[in-house]
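**Q** Got a structure for you, written out below as structure tokens; questions coming shortly.
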Amino acid sequence: MSSPPHSIPLYLVNGVATVWDAQTAATLHCVHNISGLRAGTLPGVAQQNGFLGLPLTLMQEETAYLVTQGIAHLVPLDPNPSPPSAETIRAHTAARVARLKALEERTREAEAKRQEESKKAFDKGGEKARLKREARARAKAEKAKADGEGLFAEDDKGNIITAASAAASSPAKTKVKTKETGGAPAPGHFHIVPSHPVLSQHPCGSSGSQPQSITSVPHPLFPFPTTPRQHALLGVFATLQSLSYRVGLGPRFGGEWLIYPGDYLRYHAHFTSQVIVRDEPIKPTEIVAWGRLGTGTKKAGLICCWDDGKRQDGQDNQEEKEEDVEFYSLEWANFG
């Protein structure tokens, strides 16, 4: 199925949606309140989580939400692509080396041109300043001679002209307004990273054709949501999005998600959530555990009760009821 116009491509790798373009990641973060998790790193340089880069991986709830809202579509990629041939590697390496050499050559030419223009401007300004100083020295010598200083005037004239010439030859004492030129980067190593995977080299179909876009979920390549709990996760996530909350991963804090009042780069999480499906019972010990867990992490517990109008045995209720989500905050004693 073809994707709608202006839809964001999410590349599906082993059931995980990924984003490879920095501008797309920024759009998801700033416009759609989807932050994801960065997973890119260098194989030989271990980095911390705060310094990871592209690709951006999305939670199942984030992926399903974007697809159901028509914001994005899924592009499946072959999880086991065939390795490139030796000829392809040599051609790619030669093209990369040629591109780097051409870039460094352009950089050197730009730097040489900038230095030449700066030198010309300096010489031009220095010559004008020297002529002005010599003219002032001659005028002063002629005035002194006219006042009757005699031989001393001639000596002073020669000394003044000599001093002016020496000052003109010293660049440190000459104020020259050079022409402003754009700074060129120093020669170095540059490497261009493609924004998207090369789909022609990673066909998903056996015939080698371009993979078809996925515009609805669940799908055999992305089986979410299928179970009642997965539907509850998606329903609660969509409701929190409609309330302008931002949702992040929360297993390390003992909950489904961490819930932020805005951009997680600006705010701390206010809640750690627990999702309750339909009429699922809650044990008193669980309430105590969730309350103490939230308090221990300087957060409030948020119980998200999702009801799709169906009973636990799968039968529909007598009354027609739409899907609904109710939220209950839970705080323990001595909070904060």
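Placement of Cβ uses the backbone N, Cα and C atoms for every residue, glycine included.
TrEMBL annotations: computationally assigned, not manually curated.
Annotations for this protein, taken from TrEMBL, read as follows:
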{"type": "DOMAIN", "residues": "8-75", "note": "domain 'TSEN34 N-terminal'"}
{"type": "REGION", "residues": "105-131", "note": "region 'Disordered'"}
{"type": "DOMAIN", "residues": "236-309", "note": "domain 'tRNA intron endonuclease catalytic'"}
{"type": "ACT_SITE", "residues": "Y260", "note": "active site"}
{"type": "ACT_SITE", "residues": "H268", "note": "active site"}
{"type": "ACT_SITE", "residues": "K299", "note": "active site"}
**Q** Please give me the CB contact count at 10 A for Y260 (active site), counting all chains in the structure.
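**A** 21, counting other Cβ atoms within 10 Å of Y260 (active site).
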**Q** Per residue, counting other C-beta atoms within 10 angstroms of the C-beta, which of the active-site residues H268, K299 reaches the highest number?
**A** K299
**Q** For H268 (active site) and K299 (active site), what Cα-Cα distance in Å is obtained after rounding to a whole number?
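**A** Distance (Cα to Cα, whole Å): 9 Å.
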**Q** What average pLDDT is reported by the model for the domain 'tRNA intron endonuclease catalytic' (236-309)?
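**A** Here the mean pLDDT over the domain 'tRNA intron endonuclease catalytic' (236-309) amounts to 88.
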**Q** Report, in whole Å, the straight Cα-to-Cα distance of Y260 (active site) from K299 (active site).
**A** 10
**Q** According to DSSP, collapsed to three classes, what secondary structure does Y260 (active site) have?
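**A** For Y260 (active site) - judged by DSSP and reduced to three states - the answer is strand.
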**Q** Give the helix, strand or coil assignment DSSP yields for H268 (active site).
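**A** Note: H268 (active site) is coil by DSSP, not helix or strand.
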**Q** Sort the residues of the domain 'tRNA intron endonuclease catalytic' (236-309) into helix, strand and coil with DSSP and give the three counts.
**A** 23 helix, 23 strand, 28 coil
**Q** Please spell out the DSSP helix, strand and coil residue counts for the region 'Disordered' (105-131).
**A** 27 helix, 0 strand, 0 coil
**Q** List the helix, strand and coil residue totals of the domain 'TSEN34 N-terminal' (8-75) as derived from DSSP.
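**A** Secondary-structure composition of the domain 'TSEN34 N-terminal' (8-75): 21 helix, 25 strand, 22 coil.
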